[in-house]
Amino acid sequence: MDALEDYVWPRATSELILLPVTGLECVGDRLLAGEGPDVLVYSLDFGGHLRMIKRVQNLLGHYLIHGFRIRPEPNGDLDLEAMVAVFGSKGLRVVKISWGQGHFRELWRSGLWNMSDWIWDARWLEGNIALALGHNSVVLYDPVVGCILQEVPCTDRCTLSSACLIGDAWKELTIVAGAVSNQLLVWYPATALADNKPVAPDRRISGHVGIIFSMSYLESKGLLATASEDRSVRIWKVGDLRVPGGRVQNIGHCFGHSARVWQVKLLENYLISAGEDCVCLVWSHEGEILQAFRGHQGRGIRAIAAHERQAWVITGGDDSGIRLWHLVGRGYRGLGVSALCFKSRSRPGTLKAVTLAGSWRLLAVTDTGALYLYDVEVKRWEQLLEDKHFQSYCLLEAAPGPEGFGLCAMANGEGRVKVVPINTPTAAVDRTLFPGKVHSLSWALRGYEELLLLASGPGGVVACLEISAAPSGKAIFVKERCRYLLPPSKQRWHTCSAFLPPGDFLVCSDRRGSVLLFPSRPGLLKDPGVGGKAGAGAGAPGVGSGSSGGGNAFTGLGPVSTLPSLHGKQGVTSVTCHGGYVYTTGRDGAYYQLFVRDSQLQPVLRQKSCRGMNWLAGLRIVPDGSMVILGFHANEFVVWNPRSHEKLHIVNCGGGHRSWAFSDTEAAMAFAYLKDGDVMLYRALGGCTRPHVILREGLHGREITCVKRVGTITLGPEYGVPSFMQPDDLEPGSEGPDLTDIVITCSEDTTVCVLALPTTTGSAHALTAVCNHISSVRAVAVWGIGTPGGPQDPQPGLSAHVVSAGGRAEMHCFSIMVTPDPSTPSRLACHVMHLSSHRLDEYWDRQHNRHRMVKVDPETRYMSLAVCELDQPSLGPLVAAACSDGAVRLFLLQDSGRILQLLAETFHHKRCVLKVHSFTHEVPNQRRRLLLCSAATDGSLAFWDLTTMLDHDSTVLEPPVDPGLPYRLGTPSLTLQAHSCGINSLHTLPTREGHHLVASGSEDGSLHVFVLAVEMLELEEAVGEAGLVPQLRVLEEYSVPCAHAAHVTGLKILSPSIMVSASIDQRLTFWRLGHGEPTFMNSTVFHVPDVADMDCWPVSPEFGHRCALGGQGLEVYNWYD
């Protein structure tokens, strides 16, 4: 070990920050964004690309940027150079920047000036800067000399929550101060008789019943807008505020936000507001809501900016995302809801069903059996036909495809189906399929080659009709191809269907929530044992018995694969096939991604919709390749984009318990429904897309609770595709720019996110997000890291198994596979497959003797996870979980994670367990020992010998038929009182001497480091290696009582000589080990508040180490040894 004086201290530098965006400002065709102390510069020039051109790091030191103020130029030209004042918290810095010819350059930078109070606003005054400070005072500052020229307080020295400075010279400077008394104080600093002489307020404006967070003044119209804690925006007619004694009139009291309003901005024709509800509203000056922009996640939108010449609104949120929206007139506007005025004396009867044949033709049927057509362009109703057989009960469905292929189908309660060509209704064809009621109709289209109509009758029989047209197009042919038989259920009919490319199978769904796979024609079933025929006469055309009395009276083709009750008893609402996957939606609020392998349906991933939208009605793939979800949120029809988390369209229709139809093309989107005896139609140009730009994707809407690095992918320079490489196998000559780290983060927002972190670009790419959890996700563990093709076939990419756990005692296991994809910005794509899940309350409900037991607390949370890989790979790993109910639980993962079973537990700690950590003890010529360490809120550590526990009862590893109660872990091998309060961080590292270095960090800011020896003792009654029992003993023990000023939430032993710790005090500290008590080496201030977890890993000898810190944001550091 080198001497202390010869050691080079690590120098940690920040390379990536993902924090809430707190400041935005448009400067010409550029956008300045403040993220922590960093400034992001985006190019908004339509002649080029919307992209980030520069990140200026650490511009404001350790302060958060809250605003930018641009010095006005005499010629008004800001396209080449700009002088910018950047302020936030108590810091101010002035920079002169140039971005001519697309190149960003910093020409001059002033020093960082620290004010004595919080800066609420800044304004340029003839080369100087006026600052509005937190206790109602104004400072005139000289940015060249760096000194205060004048400071004037107000007589009301109250705390401010916002302020606005108005005027271009000191003599006319006006401040509108938002006091904590919910009043606006208007006063004039230049009226002070002497320096530091207080000035009395000229006017007091009252009206809000909450703190005023933001205000904006429009000089051209004499309007002032304020945003408040009371969830309202007020518009005041104030005239010219630079003139004392003016009259103030409240001309608008705008309610539209469901939470506190953070920001407001007045434009010439609009008022923009944004708040805690993550909604940006566009108002008229009369207080009418014109547009609503939704897409950010989490706790709100923190910054807004506007580009009036381009009619843009830019928003920055707590989720670190930046989005650009088009104002009215620039985007695709919804044409609103219009009544089609069906009621007329010439159209008797009551409307029963409605459907859309494309986006401009609408069909409706009445209880008299009349079928009507409405042309949106002509705006006229036309009766196509009338059939008395379709009175009272009638189903109506239009064929899919461009403008409905000109076909629709009707069905009645007597088993009759009518196929109607819309252009020539006299050529309609009738077929009687069943002796009873037709329960449902659906179309299945395979390109332009094949069109099928499926009709469900009594007894679960589904008739499959093949529809074709004559060469003249004036006649159609309807031929029954075969019949299918659904599995028994209470409501035995299908709900939707779709062809599975290339067309050999049909994917159907039924009312009980099952997804079924049928052959598209009977001849495809070569093996009668697969799927098979249910009873005699299967596939025979004509009328079947179809009685619900059952038996085997009627037969049909059975499904070759079934996923029973996938969406629950509410049923499946849509089936869509795209990109080799099957997507299903249901009324359980979830949509599934399925995969067909060897004629069997396999679930891949279950995703939840937006909060509150439990009735999913459909799924569409838009031209850019992304998907949108259709559904009902209470009484509203919603088109939701899961990628951007945005509600693209909202129609107040009254709910889904009515006849409705949806159609979309690239040109337009239409939604029709019945309400109050009339047909209502909503149309929007541009289909299901919204012309907005995501300048930067958001990460998480709430705090990050865990960060876990999975592996490193090397981007091959000659091929431009990634290849998997373990960090320890990197060649000494490999360069950092080729490396991309794959990191998993989990959050309080119930999502698990997979990120790609390149080593050079200073950016993060969100590859995918998993939304299976119903509560917060607090811990993630990774195992089985490798390549997609396995060791024998090393394909480019990375694969791993992931276990996530959190609130409501819920645990999920899924696999990820990261593969090359040149079409994405990161050149990577991530495929996720959900494998298994487990919840403690569901486990207890399955017990036969549950009436004798106290049910597990449903509020139990998993605080930490650790993977313990056994010597027998066929058995899978163990997952240890630290639980808030005082238990340490062991779960067994089998069948590559598809079986997740509770194996054993212990309540040794008798209080909340915060951390678990597993490690192995390996000695030559001896068996590998598996050890587990747990830490609780009382500061105690417990060590468990898992190998001995499993040896004494080998049947534990065999999944029993009836698992009953879990096994007990017994007593720990060693207990240790390391701290006086809770332990939030824990890590171990083996030493060269065969011992283990153990370090822990506590809530009191202390560190505890000790050397643990594992000695093998042989039992007298045992023979062989099974009789070896380890004895754990502490050799050396050291403590650092005041290592940090707050909770130590991250700790990593990098080597036997160096350790790094992170704390809520926002310090990343390096410690020297190996010379007795740990000694301080170096410390770096990071910018993530309330850091909850940290992970460190070596990248390459040239690039050194990387460290990811997660809390209310994400920050990545790197350093060289």
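Any Cβ shown, glycine's included, is placed from N, Cα and C.
Among the features that Swiss-Prot reports, N-acetylmethionine is placed at Met1.
Long-range neighbours of the repeat 'WD 1' (53-97) within the same chain, counting only residues 6 or more positions beyond its ends whose Cβ lies under 8 Å from a Cβ of the stretch, are 14, 19, 22-25, 27-29, 32, 34-43, 104-119, 121-124, 127, 129, 131, 141, 143, 168, 762, 1085, 1087. The repeat 'WD 1' annotation in Swiss-Prot covers 53-97.
As annotated by Swiss-Prot, repeat 'WD 3' applies to 147-189. Within the chain carrying the repeat 'WD 3' (147-189), a Cβ under 8 angstroms from the stretch's Cβ atoms is held by residues 72, 120-123, 125-126, 128, 130, 132, 134-141, 195-206, 208-217, 219, 224, 226, 228, 241-242, 244, all 6 or more beyond its ends.
In the repeat 'WD 4' (200-238), the DSSP tally of helix, strand and coil residues is 0 helix, 22 strand, 17 coil. The repeat 'WD 4' feature in Swiss-Prot is assigned to 200-238.
As annotated by Swiss-Prot, repeat 'WD 5' applies to 247-285. Counting residues 6+ beyond its ends, the repeat 'WD 5' (247-285) has Cβ neighbours under 8 Å at 203, 205, 207, 210, 213-218, 220-221, 223-229, 231-239, 291-306, 308, 313, 315, 317, 325, 327-328, 701 in the same chain.
Here Swiss-Prot flags 289-327 as repeat 'WD 6'. Counting residues 6+ beyond its ends, the repeat 'WD 6' (289-327) has Cβ neighbours under 8 Å at 18-26, 31, 33-35, 40, 42, 44, 46, 50, 254, 256, 259-260, 262-263, 265, 267-268, 270, 272, 274-283, 641, 644-647, 650, 691-702, 749, 1113-1114 in the same chain.
Taken from Swiss-Prot, the feature repeat 'WD 7' covers 335-376. Within the model, the repeat 'WD 7' (335-376) carries an average pLDDT of 90.
Helix, strand and coil counts under DSSP for the repeat 'WD 8' (381-422) come to 8 helix, 21 strand, 13 coil. Swiss-Prot lists 381-422 with the feature repeat 'WD 8'.
Annotated repeat 'WD 10' per Swiss-Prot: 476-520, in sequence order. Beyond the ends of the repeat 'WD 10' (476-520), by six or more residues, the same chain brings 407, 419, 421, 427, 429, 431, 433, 439-440, 442-446, 449-450, 452-454, 456-457, 459-470, 531, 534-535, 538-542, 544, 548, 550, 554-577, 580, 582, 584, 586, 588, 592, 594, 596, 599-601 to within a C-beta distance below 8 angstroms of the stretch.
Residues 484, 486-487, 491, 495-501, 505, 507-519, 525, 530-531, 604-609, 613-621, 627, 629-631 of the same chain lie 6+ residues outside the repeat 'WD 11' (559-598) yet bring a C-beta within less than 8 angstroms of a C-beta in it. Look at Swiss-Prot and you will find 559-598 tagged as repeat 'WD 11'.
Across the repeat 'WD 12' (604-642), DSSP assigns 0 helix, 25 strand, 14 coil. The annotation repeat 'WD 12' is assigned in Swiss-Prot to 604-642.
Per Swiss-Prot, repeat 'WD 13' is recorded for 645-684.
Taken from Swiss-Prot, the feature repeat 'WD 16' applies to 901-946.
The highest tally of CB pairs under 8 A with the repeat 'WD 13' (645-684), across 200-238, 335-376, 381-422, is held by 335-376. Here the repeat 'WD 3' (147-189) is broken down by DSSP into helix, strand and coil counts: 4 helix, 25 strand, 14 coil.
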